[in-house]
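Beneath this line is the structure, given in structure tokens, with notes to follow.
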Amino acid sequence: MRLQHLADFKPQAATRAWASIPNPNGLPLIATATSDKSVRVYSLNNFTLHSTLEGGHERSVRSAAWKPGVRTDGALTIATGSFDATMGIWRRKEDAGNGNGNDGGDGPLEMEIGADGEVSKGAQLRRGGEEDEDEGDDWEFSIVLEGHDSEIKNVAYSPSGQWLASCSRDKTIWIWEEIGEEGEDEFETVAVLQDHKADVKCVCWRKDDGNGEVLASGSYDDTILLSREDGEGDWETVATLEGHEGTVWNLDWEPEVSMKTESSDESSAPATPRLLSSSADMSIRIWSKVPTPPPQNKPSYFNPGIPSTMRPGPENETWECTATLPKVHDLPIYSISWSKQTGRVVSTGGDGKIAIYEEQTKGRNSVGGTIEKEWVVLTVLEGAHGPYEINHVTWCQRFDNGKKTPDEEMVITTGDDGLTKAWCIEENVEERTLEA
């Protein structure tokens, strides 16, 4: 296997590009956050600029997140987090819902901020809701969310779209909920988590498995925290994962494709997704929840048939590091991504390398008969952005005419050179370590 350069997204940013986030709703669009205070939305069909979000922030846009699902009026939503300590909500009524992704940003626009402008504490309309002449002419900067005291490092919507999380250099994580009717742009702060002891670098949601959606966060304090809502509206930390010896830069939850096992025991409890983490200690770790037997004669916490006053609160969980991927990187690993199609992992970081790993079966344990697996390196590409650091990597579905199968994936990297690059995967190639 090897990575082959497919395309550069045009035009590139004139300054550092931080991260590129594919649209989660199947649209051929990807949003790139940049240091020039804007977000570029590119078409995945032809790797060209689709539209631009600009005029809403006073400093670098560090992170962007698409809201899952599509509103009934067809509007797309992107949340942005900036070094100016604010988060922005952007709307666009999108013709590109037809899936072609080729329009030049001339689709119908959402020009009005809904309702009477009433917003909750912690949120206010930018400049009283007046149209900003400096804003991009295709996306509307609908609302600004304020509360952080310092740079926002990451923003993320929960899989259901109910929650929006932001983390900051101020050591806090804010969780927001959109409470107004569609088009009203009314947000409420539902929690401010303050359990990290240093700069919080990343947040990553796990979908609801019957126990509520879970938020993982990584920090400069070298720890990972897991938090969730207790059913009464309060959020609390349910697990602390310790083991890294440097800043935790990125997290990703295990996709369903890699959770499938060869076990035929249908009576076993559903597996809890594993958590992937990367760090300044140049390691990539996999964390697994330690199973705990259910308490006897005790109702399930989230059983809707039990009155809330009788349900026990969520108990603390124990997690352990169950695997460490082979060492490839020589500098901090800024970004990782776990493929929803193949279960492979891709990583990148300050050394400019891109590495792809795969979990393979070794055999069965002779004692307990359990399946033994190991992670192997499939390929390493060096100097992918020349001498520049790579800040972000993600798996992404291919939409261009060159794809060989409907579900074919590519790798997207975003770097300090302002470039967003697409890489295709060539299987059955012997070379393992290559230079771009």
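Every residue, even glycine, has its Cβ placed from backbone N, Cα and C.
According to Swiss-Prot, the protein has these features:
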REPEAT    10-52  repeat 'WD 1'
REPEAT    56-100  repeat 'WD 2'
REGION    94-113  region 'Disordered'
COMPBIAS  98-107  compositional bias 'Gly residues'
REGION    118-137  region 'Disordered'
REPEAT    147-186  repeat 'WD 3'
REPEAT    195-237  repeat 'WD 4'
REPEAT    243-297  repeat 'WD 5'
REGION    295-316  region 'Disordered'
REPEAT    328-367  repeat 'WD 6'
REPEAT    389-433  repeat 'WD 7'
Closest-packing stretch to the repeat 'WD 1' (10-52), where packing means Cβ pairs under 8 Å, from 147-186, 328-367, 389-433: 389-433
Highest-contact recorded stretch vs the repeat 'WD 2' (56-100), from 147-186, 195-237, 389-433, CB pairs under 8 Å: 147-186
Structural state census, the repeat 'WD 4' (195-237) (DSSP three-state): 0 helix, 22 strand, 21 coil
Beyond the flanks of the repeat 'WD 6' (328-367) by at least 6 residues, Cβ under 8 Å: 1, 3, 19, 246-247, 249-258, 262, 276-280, 282-284, 373-395, 397, 407, 409, 411, 413, 415, 423, 425
Counts by DSSP class (helix H/G/I, strand E/B, coil) across the repeat 'WD 2' (56-100): 4 helix, 21 strand, 20 coil
Helix-strand-coil residue split for the repeat 'WD 1' (10-52), DSSP-based: 0 helix, 23 strand, 20 coil
